[in-house]
Ligand code: ATR
């Protein structure tokens, strides 16, 4: 019988994880089955236990269960501990091992696929929620010259920056509100807010632009066509634009490696997803 994997979410029917992992399995000749499972909002832990009892070997976890998965895990990787969120579970007897592959997925996309070297660059991270928290440690590992975290709720940004100050190997991260960005410019601007879900934009200053010449604007969201943030970044002079499809596939590849010990080739899978939903 094939090994069983799944993604838990609510909602989950839109998830691209089943097609991504099925493609990885075919490419790496791994005998596994991967499906999307809708967990009731108040019964995530029970859903995981039922899946393990049915022979499940591992699972991805998406909105809104990443914090609950963190609490459910009996053992955590260092990066999951730093993120205080888990997006990948591995079931090993009675043990539930929790990992977080989001930060590594973002880094792989930035450094390998987009060939953007973060070291010495000025980086602006927008948002201070779960999505932002999952990538701060990975960004700091690359030793940017500056890491500014901007959020509508300034205190949340400052607290997030503070949490990671101790592990900064170069500049310490700084948290602020959007107004404080006036007059500053950055080489990499990452949108980790959920604003795009509502078709909205983070309130970035317009003139002067926060996008330095030759900058890269990166939206962790993706969808059909250009996201509102990327359209804004283009109009504001960002030279390069990228949506979150590459990160989605790279974080999946990290999870696949966590489960199966093999690294799939992500390029053909990213290309296939782009054909289905072309980015702007
Ligand atoms: P997630 O896990 O997706 O990060 P979250 O923890 O609810 O979700 O965080 C959402 C983030 O998007 C927050 O940083 C939120 O800003 P506030 O903390 O100030 O609320 C940000 N966000 C959501 N809608 C936004 C908008 N229209 N403009 C700017 N930021 C927005």
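Here the Cβ of each residue, glycine as well, is placed from N, Cα and C on the backbone.
Taken from TrEMBL, the feature active site, proton acceptor covers 66. What TrEMBL records for 15, 16, 17, 62, 87, 102, 222, 251 is shikimate binding site. If you look up TrEMBL, you'll see 127, 128, 129, 130, 131, 220, 244 marked as NADP(+) binding site. Per TrEMBL, domain 'Shikimate dehydrogenase substrate binding N-terminal' is recorded for 7-88. As annotated by TrEMBL, domain 'Quinate/shikimate 5-dehydrogenase/glutamyl-tRNA reductase' applies to 117-196. Marked as domain 'SDH C-terminal' by TrEMBL: 244-274.
The structure, with features from TrEMBL marked on it.
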| residue | record | contacts (Cβ under 8 Å, 6+ apart) |
| --- | --- | --- |
| 15 | shikimate binding site | 7, 9, 36, 62 |
| 66 | active site, proton acceptor | 85, 86, 87, 100, 130, 134 |
| 127 | NADP(+) binding site | 149, 151, 191, 192, 193, 194, 202 |
| 129 | NADP(+) binding site | 156, 192, 193, 194 |
| 220 | NADP(+) binding site | 106, 131, 135, 190, 191, 192, 244, 247 |
>> Do any residues, 6 or more residues outside the domain 'SDH C-terminal' (244-274), come within under 8 Å Cβ-to-Cβ of it, and if so which ones?
In response: 5, 16-17, 19-21, 23-24, 27-28, 30, 32, 57-58, 60, 87-88, 90, 99, 101-102, 104-106, 108-109, 112-114, 218-222
> At the level of the C-alpha atoms, what whole-angstrom distance separates residue 17 (shikimate binding site) and residue 128 (NADP(+) binding site)?
Replying inline: 25
>> When secondary structure is assigned with DSSP, how many helix, strand and coil residues does the domain 'SDH C-terminal' (244-274) contain?
In response: 24 helix, 0 strand, 7 coil
> Per 10 Å Cβ neighbour count, which of the binding-site residues 130, 244 ranks highest?
Replying inline: 244
>> With the shikimate site defined by the record as 15, 16, 17, 62, 87, 102, 222, 251, how many Å span the farthest pair of C-alpha atoms?
In response: 18
> C-alpha of residue 102 (shikimate binding site) to C-alpha of residue 128 (NADP(+) binding site): distance in Å?
Replying inline: 15
>> Using other CB atoms within 10 angstroms as the count, which residue among the binding-site residues 17, 62, 87, 251 scores least?
In response: 62
> Under a three-state reduction of DSSP output, how is residue 128 (NADP(+) binding site) classified: helix, strand, or coil?
Replying inline: coil
> Using DSSP, would you call residue 15 (shikimate binding site) helix, strand or coil?
Replying inline: coil
>> Based on DSSP, tally up the residues of the domain 'Shikimate dehydrogenase substrate binding N-terminal' (7-88) by helix, strand and coil.
In response: 34 helix, 19 strand, 29 coil
>> So the record assigns 127, 128, 129, 130, 131, 220, 244 to NADP(+). If I measure every Cα pair among those residues, what is the longest distance in angstrom, as a whole number?
In response: 17
>> Please count the residues of the domain 'Quinate/shikimate 5-dehydrogenase/glutamyl-tRNA reductase' (117-196) that DSSP assigns to helix (H, G, I), strand (E, B) and coil.
In response: 27 helix, 19 strand, 34 coil
>> Just to be sure I understand the packing, how many Cβ atoms besides its own are within 10 Å of the Cβ of residue 16 (shikimate binding site)?
In response: 18
